[in-house]
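Sequence annotations record features per position, and here TrEMBL assigns Fe cation binding site to H87, D89, E108. According to TrEMBL, the feature Zn(2+) binding site maps to C93, C96, C133, C136.
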Amino acid sequence: MSTQDQELRSVGLKATLPRIKVLEIIRGSEERHLSAEDVFRRLLEQGHDVGLATVYRVLSQLEAAGLLSRNVFDGGKAVFEMNEGDHHDHLICVSCGRVDEFTSPVIEKVQYEVAEAHGYELSERRLALYGVCSTCQKNASAPRGRA
């Protein structure tokens, strides 16, 4: 039994080919955040005949089972990543859309302190910081040749 089979069964899901392939794609991707369209495109590139509606359904099922996390960054496009149990936050480039993950014990502590000061008990927390990545900054300041 494959790792994906065991993983799916452990959360009460049947190990279907679309579920296994979607997990393989997300887990094996160099990019940590993939949209449904990204997953669909990669399935087609690998020669799998799976519809986009199936990809959306599988992603929702995997999220509901706790295997994936969904994030919606600026622009409203949902992206998915493996839920590995570690909390992290995101830096998003407003120029190219690059997403970098980071962790900060200081920020974690402040989030809990703010919630407590306002009488909240946190059930979930997400932080996305928007700016311009170093690559886009370099490209913006690079001298341009004459046209």
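Numbers run from 1 along the shown chain.
Here the Cβ of each residue, glycine as well, is placed from N, Cα and C on the backbone.
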For C93 (Zn(2+) binding site), just count the other CB atoms lying within 10 A of its CB, please. 17
Name the one residue among C96, C133, C136 whose Cα is closest in three-dimensional space to that of D89 (Fe cation binding site); these are the binding-site residues. C133
Per DSSP, to which secondary structure element type does E108 (Fe cation binding site) belong, with helix, strand and coil as the options? helix
If you count, for each of the binding-site residues D89, E108, the other Cβ atoms lying within 10 Å of its Cβ, which residue has the minimum? E108
Other residues with Cβ within 8 Å of the Cβ centroid of C93, C96, C133, C136 at the Zn(2+) site? V94, S95, G97, R98, V132, S134, T135, Q137
Across all protein chains shown, the binding-site residues C96, C136 give the max Cβ-within-10 Å count at C136
